[in-house]
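Heads up: the structure comes next, in structure tokens.
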Amino acid sequence: MNETWLALIEEWRLQWMLGLQVLLILLVAYVLQRLVVRGLTRLSSRYPLPPELLIPVRGGIRWFIIGGALIMVLERFGVSATVLWTAISGFVAVAAIAFFAIWSVLSNLLCAVLILTVGPFRLGDVVEIVEAFDKPIVKGRVIDINLLYTTLEEVAEAGTGAIVQVPNSLFFQKAVRRWRGGDMQLINPPTPEK
């Protein structure tokens, strides 16, 4: 019976030591983080450092200290830093490859959101995408804007009146000329009937 109590006390002592070590790591990280932030604040009051520089530096140092403390706590619980690093770097590599693979789709989606919110043009406007001052790529009336592309109907002066679908990202990579929907008579004068 006495040996059972000794084993139980030893087990609890190990658990308490682990808990105290974790609390000590977190306390040291908190104090270190506060001291570094206070030192940066004093440094900024002594030297004219812009707040635009100081805020990201504080945040970066804070996250670096928190990340280091988290790794130390996980090591106290038996998680190897090597295994953790391998898992995180593998996840980041897969995410980077996936992001690269769908970059053009994401670019068009983001540009569609910008077109719809900022409103560089709207339905009924005539837009012309220009490579250089003399080289128009495409010109037409906007008849539809969706998440991947904008649909233009070629104006009569350009030729056939064909439907052209332009990726939304192209509007942010090239120069764009725009005529509002009410200004259309200047661009497409009505043809006299014979």
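Each Cβ is built from the backbone N, Cα and C atoms, and glycine gets one as well.
According to TrEMBL:
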{"type": "TRANSMEM", "residues": "12-32", "note": "transmembrane segment"}
{"type": "TRANSMEM", "residues": "53-74", "note": "transmembrane segment"}
{"type": "TRANSMEM", "residues": "86-116", "note": "transmembrane segment"}
{"type": "DOMAIN", "residues": "105-177", "note": "domain 'Mechanosensitive ion channel MscS'"}
Mean of pLDDT values spanning the domain 'Mechanosensitive ion channel MscS' (105-177): 86
DSSP-derived helix, strand and coil totals, residue by residue, for the domain 'Mechanosensitive ion channel MscS' (105-177): 21 helix, 29 strand, 23 coil
